[in-house]
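Chemist: Structure below; questions to follow.
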Amino acid sequence: MARPKVYVTRIIPEPGLSMLKECCDVVVHESKDWPPSREELLRNIRDKDALLCLLTDKIDAEVMDAAPNLKVISTYSVGFDHIDIPEATKRGIYVTHTPGVLTDAVAEFTVGLILAVTRRIVEADKIIRTGQWDKPWNPYFLTGPELKGKTIGLVGLGRIGVATAKRLSSFDVKILYYDIERRWDVETVIPNMEFTDLDTLLEKSDIVSIHVPLTKETYHLINEERLRKMKKTAYLINTARGPVVDTEALVKALKEGWIAGAALDVFEQEPLPPNHPLTKFDNVVLAPHIASATIEARQRMAELAARNLIAVLKGEMPPALVNKEVLKVRPLEKVKMIP
């Protein structure tokens, strides 16, 4: 049996690449920083049985047309809105992702962003570096709110939402959460948690942190109408997906003082242009989509992405299948290439 041919759109951490090379013929786009051009992607995918891609790669019908042998798309990400899932399913192409392995990293980073924006840590650093610390200590200098006793609103209570709630509970806060269903199992473990509707969460929370996937339903979930419901003393945190927040409405909210500030790791446009309006606010902390950027998490993501891809080519159920409907279109035994 011929070895499967795999295209990897970026150099990924070990042990992911080594795992693939043990059982597949692998072509790698030799860059850590830049994705392949559209032309390069279409050219390299032609004879491949499998694709390992990143969220920077748009995988649509055109790509699938260029790859008639394609059996599995393994994305090195939790989100998969960069892949046309219905199209892949229709063609019998398995799509997998990497949930769970970056949960702790993103939850830790979320707490870090909350502290950074509320306690004005980035603003303080900038003041020292630009020579503006030119006055004696005074009791009002760079003050911000404590977390203790505050109400934290979590929009979405999946793996990352739960992990964030666990960490925040140690600050002696009240946690409101909104999700498509009530999580009794979590409420029994984490103290001071309350299930509520989205509008109530926005109206009562001192900090609103977003933890939902990007879908048609969550696109611009946080829009002008909902931003206006937040307290003027509240902060918005987003480590989920950029388009969940209407950027134009958020800029307006910050300019007009509807909210106290924001901390963002994701954006509707990535990379964010250096002259973007969001870069002009001292009460906004910005990060370049690095919430999962721990050494350990990125290694686990690579390993899971490789395991997903290899499992499908072995005719086995992958650890994290996105489109379960594909099993009815093309059973796993029909895509088996690795003994």
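Glycine is no exception: its Cβ is also placed from the backbone N, Cα and C atoms.
Sharing the feature lines straight out of Swiss-Prot:
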- Leu157, Gly158, Arg159, Ile160, Thr239, Ala240, Arg241, His289, Ile290, Ala291: NADP(+) binding site (BINDING)
- Arg241: active site (ACT_SITE)
- Glu270: active site (ACT_SITE)
- His289: active site, proton donor (ACT_SITE)
Chemist: What whole-number value in Å do you get for the largest C-alpha pair distance within Leu157, Gly158, Arg159, Ile160, Thr239, Ala240, Arg241, His289, Ile290, Ala291, the residues recorded as binding NADP(+)?
Modeler: 20
Chemist: Inside 10 Å of the Cβ of Leu157 (NADP(+) binding site), count up the other Cβ atoms and send me the figure.
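Modeler: Around the Cβ of Leu157 (NADP(+) binding site), 24 other Cβ atoms lie within 10 Å.
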Chemist: Can you tell which of Arg159, Thr239, Arg241, His289, Ile290 has the least company, meaning the fewest other C-beta atoms within 10 angstroms of its C-beta, among these recorded positions?
Modeler: Ile290
Chemist: Counting across all protein chains shown, how many other Cβ atoms sit within 10 Å of the Cβ of Glu270 (active site)?
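Modeler: Excluding its own Cβ, the number within 10 Å is 11.
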Chemist: To the nearest Å, how far is the Cα of Thr239 (NADP(+) binding site) from the Cα of Glu270 (active site)?
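Modeler: Spelling it out, the Cα of Thr239 (NADP(+) binding site) and the Cα of Glu270 (active site) are 14 Å apart.
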Chemist: Work out how many Å separate the residue listed as 'active site, proton donor' and Glu270 (active site) at their Cα atoms, rounded off.
Modeler: 8
